[in-house]
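Undergrad: Heads up, here are the entries from Swiss-Prot:
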- 1-226: region 'Pyrophosphorylase' (REGION)
- 7-10, K21, 80-81, G138, E152, N167, N224, R311, K328, Y342, N353: UDP-N-acetyl-alpha-D-glucosamine binding site (BINDING)
- D106, N224: Mg(2+) binding site (BINDING)
- 227-247: region 'Linker' (REGION)
- 248-433: region 'N-acetyltransferase' (REGION)
- H339: active site, proton acceptor (ACT_SITE)
- A356, N362, Y363, S381, S399, R416: acetyl-CoA binding site (BINDING)
Amino acid sequence: MLSVIILAAGKGTRMHSSLPKTLHTICGEPMLFYILETAFSISDDVHLILHHQQERIKEAVLKRFKGVIFHTQIVEKYSGTGGAIMQEDKTPIPTKHERVLILNADMPLITKDALTPLLESKNNAIGLLHLADPKGYGRVVLENHQVKKIVEEKDANDEEKEIKSVNAGVYGFERKFLERYLPKLHDQNAQKEYYLTDLIALGINENETIDAIFLEEEYFLGVNSQTERAKAEEIMLERLRKNAMDLGVVMQLPDSIYLEKGVSFKGECVLEQGVRLIGNCLIENACIKAYSVIEESQIVNSSVGPFAHARPKSVICNSHVGNFVETKNAKLQGAKAGHLSYLGDCEIGKNTNVGAGVITCNYDGKKKHQTIIGENVFIGSDSQLVAPINIGSNVLIGSGTTITKDIPSGSLSLSRAPQTNIENGYFKFFKKP
């Protein structure tokens with residue numbers, strides 16, 4: 001086994017946001033959560049180094065993960081990546097295991113499989129990337145698959161600038177290596193920071209073996225700006241779409257479909273173009289038609305859309321919800337709402353038909369109220385159901401009716417002003433003076 005240390009103390013200034021960088025989301029999940037999941041998949045000893053807005057980050061983590069060991073970086077005294085793993089006396093933070101893997105919290109695309117080459121190394125090791133264009137990165141000079149030195153671009157000569165090997169920002173160390181060299185680390189550089197790369201340089205000077213482990217670039221993209229966050233999200237979306245299609249989900253124009261990590265599919269499902277699936281959703285044997293939005297809801301044996309919006313806590317089973325219908329905290333069981341309706345805080349029974357323009361008036365300005373609709377109910381177009389209201393089964397509601405009282409089963413309900421036709425009214429109205 002090994003211990004994992006995740007570095008998450010930075011300010012994330014380039015994100016230009018009051019939200020801590022590591023809590024910015026990738027497909028609905030804070031990017032820090034991805035790296036924590038990966039860490040717990042390989043270790044029972046996970047450490048998180050914090051400083052900037054640490055209480056906010058800690059609160060978010062504790063809602064989701066158990067067993068994370070939190071540390072506060074002493075940035076006033078020991079800043080930088082090397083300082084992140086130092087205690088007050090410059091010794092490494094205590095870990096359960098002798099092997100220590102160090103990761104950055106802003107790399108949400110890392111997976112267990114992507115780390116395998118680094119995990120298999122028995123020596124102290126640094127993860128490397130081979131970049132076609134390494135401009136802006138420090139170069140890693142190799143000799144017989146071992147790290148000879150790490151040189152910053154501004155200090156590199158012309159030959160070194162041609163090197164394509166750069167630091168991926170992930171490391172595997174033996175604890176005794178950290179104990180030996182961390183106290184020797186210094187901050188005599190332009191940034192006045194302690195760097196893990198300098199730690200490696202100290203080891204090389206003492207003829208320590210440092211393995212160079214090449215990793216796949218896609219998995220080790222660091223997120224330091226909104227542009228990089230968007231790039232990482234697109235890569236994650238590609239993974240989620242592929243996983244869904246591998247399960248048999250039919251996607252029309254996959255690149256136009258957005259889905260989040262909490263979405264699950266069962267049975268035969270179709271997603272038309274422009275669909276957005278947000279939060280923890282279950283889509284089972286269902287067709288989600290073009291440009292519909294499903295949030296924190298369950299769609300089972302049903303068709304939804306096009307241009308429909310199922311807001312949180314909607315459960316739509318054996319039903320049809322058509323274009324421009326919005327549901328919220330609604331339970332539909334075998335019902336139809338073809339178009340242009342708002343169905344909020346309601347339960348609708350089987351074989352019930354909701355006409356165009358029907359609205360459940362669920363909010364009285366202070367509280368939300370529920371509408372209960374039974375089975376075999378026909379609700380005429382442009383009707384308003386003023387909650388709280390209970391409509392029995394086998395009920396017919398005439399078009400344009402405003403319901404303010406419960407309706408017993410078997411009833412016909414009407415409430416409308418009598419129609420008046422005025423003979424020659426048109427001509428009288430438009431008569432010229």
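These residue numbers are counts, starting from 1, taken along the chain as shown.
Placed from the backbone N, Cα and C atoms, the Cβ positions cover glycine too.
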Undergrad: Do you know offhand how many angstrom separate A9 (UDP-N-acetyl-alpha-D-glucosamine binding site) and R416 (acetyl-CoA binding site) by C-alpha?
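TA: Here the two Cα atoms are 65 Å apart.
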Undergrad: Pop the Cα-Cα gap between S381 (acetyl-CoA binding site) and N224 (UDP-N-acetyl-alpha-D-glucosamine binding site) into the table, whole Å please.
TA: 52
Undergrad: Using DSSP, what is the helix/strand/coil residue split across the region 'Linker' (227-247)?
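TA: Helix (H, G, I), strand (E, B), coil: 20 helix, 0 strand, 1 coil.
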Undergrad: When DSSP states are folded down to helix, strand and coil, where does N362 (acetyl-CoA binding site) land?
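TA: The three-state answer is coil.
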Undergrad: At its widest, how many Å does the recorded acetyl-CoA site span between Cα atoms of A356, N362, Y363, S381, S399, R416?
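TA: Largest pairwise Cα separation, rounded: 23 Å.
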Undergrad: Using a 10 Å cut-off, grab the number of neighbouring Cβ atoms around the Cβ of the residue listed as 'active site, proton acceptor', all chains included.
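TA: For the residue listed as 'active site, proton acceptor', the 10 Å Cβ neighbour count is 17.
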Undergrad: Three states by DSSP: which one describes S381 (acetyl-CoA binding site)?
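TA: Coil, per DSSP.
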Undergrad: Under 8 Å Cβ to Cβ from L7 (UDP-N-acetyl-alpha-D-glucosamine binding site), same chain, six or more residues apart: give me those in sequence order, or none if nothing qualifies.
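TA: In sequence order, I49, T81, A84, I85, I102, L103, N104, A105 meet the Cβ cut-off.
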Undergrad: Report, as a single number, how many Cβ atoms besides its own are within 10 Å of the Cβ of N224 (UDP-N-acetyl-alpha-D-glucosamine binding site).
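TA: A 10 Å sphere around the Cβ of N224 (UDP-N-acetyl-alpha-D-glucosamine binding site) contains 15 other Cβ atoms.
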Undergrad: If we check Cα distances from K328 (UDP-N-acetyl-alpha-D-glucosamine binding site), which of the recorded positions H339, A356, Y363, S381 wins as closest?
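TA: Considering only the listed recorded positions, the nearest one is Y363.
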Undergrad: Give the residue from the binding-site residues D106, E152 that has the most other Cβ atoms within 10 Å of its Cβ, counting over every protein chain displayed.
TA: D106
